[in-house]
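Peer 1: One structure, pasted below without further comment.
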Amino acid sequence: MFSIITLFGILGNITTGLVYLSPAKTFWRIARNRSTEEFESIPYICKLLNAYQWVYYGIIKPNSVLVATINGFGAVVELVFIVIFLMFASTQKMRVRTAILFGVLDLVFPAVSFLLMQLMLHRQLRIDISGIFCVVFSMITYGSPLSAMKTVVVTKSVEYMPFLLSFFLFINGGVWTVYAFLTEDYFIGIPNGTGFLLGTAQLILYVTYMKPKSSEEISDNLEDGSKHEPLIPSSNLVS
């Protein structure tokens, strides 16, 4: 029977899918240029690990199939991104490092942890431990935009904080927070509530520091004849 919980679960699937697909433009650039340039693989390796954890949680937690399905989709997307990264790594050192991290964090660790939980923990404790893993890895993932927010405040420019990504994080966090409230699932609520607050903060910063292009150009011309370099390269802010 269709319910409001199912509605928010479906909406959450849609918004999460958009968040997972948000780096597609970056990887199209990597494939087109046949080089990862200065992009880092660690965010995508961590996102894949996070997706694995949520898939497992959605499978073992009753009535959580929508959590498993969207993160299964996300795991496939992140796997494609990592394969592209390995194919076009700008240096052999980066390729080897990515392969090692992928093997340890996305193959060995999930396999061992899931096997141990299945064999050693009873059902409710298994769900609780899996939920804790999900919260930890999700908080790490949601914490990644903090560096972009710092750059916005320091440079007083939103150039290095894409609006659509901030908007999707805001919507996604809000939808899953409502879903968590309706299902009384705090493991979903804690990281997504945090994501909703961070998304809100990013949108506030965007409105605060957004300037028309002409105004930015005029402001640049009034400087002492030199442009300010961003504290963090734009490539490192893509996630």
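From the backbone N, Cα and C atoms, a Cβ is placed for every residue, glycine too.
Feature table excerpt (TrEMBL):
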type: REGION; residues: 218-239; note: region 'Disordered'
type: TRANSMEM; residues: 6-23; note: transmembrane segment
type: TRANSMEM; residues: 66-88; note: transmembrane segment
type: TRANSMEM; residues: 100-121; note: transmembrane segment
type: TRANSMEM; residues: 127-148; note: transmembrane segment
type: TRANSMEM; residues: 160-182; note: transmembrane segment
type: TRANSMEM; residues: 188-209; note: transmembrane segment
Peer 1: Near the transmembrane segment (160-182), which same-chain residues lie under 8 Å Cβ to Cβ, leaving out any that are not at least 6 residues past its ends?
Peer 2: 4-5, 8-9, 11-12, 15-16, 18-19, 22, 142, 145, 148-149, 151-152, 188-189, 192-200, 202-203, 205-206, 230, 232, 234, 237, 239
Peer 1: Would you mind listing the long-range same-chain contacts of the transmembrane segment (6-23), meaning Cβ under 8 Å and 6+ residues beyond its ends?
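Peer 2: The answer is 44, 47, 51, 66-67, 69-71, 73-74, 77-78, 81, 162, 164-165, 168-169, 171-172, 175-176, 178-179, 182, 238-239.
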